[in-house]
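A.B. asks: Not my notes, these are from Swiss-Prot:
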type	residues	note
BINDING	GLY11, SER12, GLY13, LYS14, GLY15, THR16, ARG128, GLY173	ATP binding site
REGION	31-60	region 'NMP'
BINDING	THR32, ARG37, HIS58, LEU59, VAL60, GLY86, PHE87, PRO88, ARG89, GLN93, ARG134, ARG145	AMP binding site
REGION	127-137	region 'LID'
Amino acid sequence: MLNVLIFGAPGSGKGTQSEELIRRYGFRHISTGELLRAEIKAQTELGQAAAGYINEGHLVPDSLIVDMMEKLISTLVDTEGIIFDGFPRTIPQAEAMETMLAHHGWKVDIVLNLQVPEEMLIERLLNRGKISGRSDDNIETIRKRLDVYANETAPLVDFFTRKNVLHNVVGTGTIEEIALRIAPIVDKFRKVSN
């Protein structure tokens with residue numbers, strides 16, 4: 001099984017490229033954002049706790065995310081690969097993830113770091129907010145989310161670089177152009193793991 005992390009700032013195209021990987025390889029997609037939005041919509045205890053953080057542009061605390069992911073990961077055994085989108089977002093989450101995966105005899109194989117200029121991220125997020133109606137896609141919250149990313153999540157680049165699994169990918173261009181930059185990376189690791 002191949003474990004792939006899609007990494008990048010809000011608006012970098014993580015969800016879109018995850019969909020491309022699912023289509024191309026049949027991987028299972030785990031998006032913490034989608035899981036949290038579902039919890040919020042269902043008004044679960046986790047959803048109510050997470051909503052306050054998300055609406056303010058803050059990261060949901062590690063303990064809530066790790067518990068949610070641990071439950072989900074334990075159900076995924078017969079799959080070609082897993083795409084983690086939005087997890088981990090902090091060093092403690094990354095360390096917890098390594099422990100969770102190791103418990104199943106797995107590891108992080110590839111980290112795809114989608115790199116997009118900030119002005120393009122803002123434009124993409126504002127457009128997405130108009131289309132989707134997501135309340136967290138307004139300029140004030142976007143800037144706060146980008147600051148949180150720079151301060152709390154970007155340090156993971158160094159963390160995964162030291163583990164020799166990080167691959168920087170230019171995240172500009174068409175969806176297909178970006179997917180074509182990612183495919184050779186994934187193909188190389190699929191050959192090694194088969």
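Backbone N, Cα and C atoms are what each Cβ position is placed from, and that goes for glycine too.
Where in this structure would I find these features, and how exposed are they?
C.D. replies: According to DSSP, GLY173 (ATP binding site) sits in a coil region rather than a helix or strand. Annotation for GLY173 (ATP binding site): no same-chain Cβ neighbours under 8 Å separated by at least 6 residues are found.
Taken together, the residues of the region 'NMP' (31-60) have an average pLDDT of 87.
ARG89 (AMP binding site) counts 19 other C-beta atoms within 10 Å of its own C-beta, drawing on all protein chains shown. ARG89 (AMP binding site) falls outside any helix or strand according to DSSP and counts as coil.
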A.B. asks: Whole-number Å only: compute the distance from the Cα of GLY11 (ATP binding site) to the Cα of HIS58 (AMP binding site).
C.D. replies: 16
A.B. asks: By Cβ distance under 8 Å, which residues at least 6 away from the ends of the region 'NMP' (31-60) in the same chain are close to it?
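C.D. replies: Contacts of the region 'NMP' (31-60) (Cβ under 8 Å, skipping residues fewer than 6 from its ends): 14-15, 18, 68-69, 72, 85-87, 89-90, 135-136, 140-141, 144-145, 148, 152-153.
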A.B. asks: Between C-alpha atoms, which of these binding-site residues comes nearest to ARG89 (AMP binding site): GLY13, THR16, ARG128?
C.D. replies: GLY13
A.B. asks: With a 10 Å radius around each C-beta, find which of these binding-site residues (GLY11, GLY13, GLY15) has the fewest other C-beta atoms nearby.
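C.D. replies: Result for the binding-site residues GLY11, GLY13, GLY15: minimum number of other Cβ atoms within 10 Å at GLY15.
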A.B. asks: Taking the residues GLY11, SER12, GLY13, LYS14, GLY15, THR16, ARG128, GLY173, which the record names as binding ATP, find the longest CA to CA distance and state it in Å to the nearest whole number.
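C.D. replies: Greatest Cα separation within the listed binding residues comes to 17 Å.
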A.B. asks: Provide, as an integer number of angstrom, the distance between the C-alpha atoms of PHE87 (AMP binding site) and LYS14 (ATP binding site).
C.D. replies: 11
